[in-house]
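Here's the structure, in structure tokens; my notes come after.
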Amino acid sequence: MTTPKAELHCHIEGATPPALAARLATKYGIDLSAWLRDGRYVWHDFSSFIACYAAIANVFRAEEDFADLAETYLGELAADGAIYSELFVSPEQGLAAGLSRDAYMRAITAGIEAAKAKTGIECRMVMIGERHMGPEQVEGAARYAVSCGFPLITGFNMAGDERMGCVADYARAFDIARDGGLKLTIHAGEVCGPGSVRDALDLVRPDRIGHGVRAVEEPALVRRLADEGVVLEVCPGSNIALSVYPDFRAHPLRRLVDAGVRVTLNSDDPPFFGTSLAREYEIAESELGFSPEETARMTETAIAAAFVDEETRERLFARLRG
Ligand SMILES: Nc1ncnc2[nH]cnc12
Ligand SMILES: [Zn+2]
């Protein structure tokens, strides 16, 4: 039997298989030649990755395209042993597709429900604001998240280019989300260093941090993460693909765990980085030196930190215990 897994950090459009992007581009007459060649996404650094991601996210046009993407991704995750997934969603993509935010949310919800009916995988959605679109867009995403009435949205997150602006500019968006009852996570300490993680802790007070790995550069900050029990959504394959670290030997996951930081394993944007959730578990064991017992503890941490009600959490823990 495959070991049970859980994923807290995956951007749904970032899970688009290249073959699906190619098929939709042909169907809708979109030129993807700058971004997709020989069945692989084309980018070479963080900025071109963000641009490539945006181009691929824009090939979706119909509700059924988004629904199929969510159902297919969750089906694959379940086949790899995942019992829980949090998908990062961007209703702005509904507008880009010529639909509406609600149509986008309906479609992803339909995909989630279909996957659950087939495989039993539990899933929640985390609303994304894109940092490089500026504070107004991110606040708009937070306002929509708390008012749209889709019950599977349980969290709010900011992704995008961490080098843009400062966290303080976005604090209001997180206040809106928190006041509306959503749990919070934020991309920090991926492209930028410990200062970015410290700002996130001070100004956003998140339940979790996306990546956060560069906190390792400041020992006092690592102690703070451990003391405060902040959970990191670590994506080792993504970090290597985006050259945050030159190779797995340089990756700080072991140092963070040894310092008592709570961590989970995630794929981020799997086909962009040549990875999958199952591959991240393999990487942790074969490249980063963790035992199966240790990766099982990371899955437990993911369930403990999942943005779900307590009854669902108990059910998920019961499934983990088998
Ligand atoms: N790894 C990443 N960092 C920031 N924004 C993203 N959007 C999609 N993937 C991302
Ligand atoms: Zn991410």
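Glycine is no exception: its Cβ is also placed from the backbone N, Cα and C atoms.
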Same Zn(2+) site per TrEMBL - residue from H44, H187 joining H9, H11, D268: H187
In sequence order, those recorded positions of E190, H211, D269 whose CB lies under 6 Å from ligand 2: none
Fewest-neighbour residue among binding-site residues, criterion Cβ within 10 Å, set D268, D269: D269
Those recorded positions of H9, H11, H187, E190 having Cα within 10 angstroms of D269 (substrate binding site): H9, H11
Distance [Cα-Cα, Å, rounded] between H187 (Zn(2+) binding site) and H211 (site 'Important for catalytic activity'): 6
Distance-selected recorded positions near ligand 1 (C-beta under 6 Å), from H9, H11, H211, D269: H11, D269
Site of maximum Cβ density within 10 Å, from recorded positions H9, H11, H187, H211: H9
Distant-in-sequence Cβ neighbours of E190 (active site, proton donor), under 8 Å, six or more positions away: E162, G210, H211, G212, V213, R214, N239, L242, V244
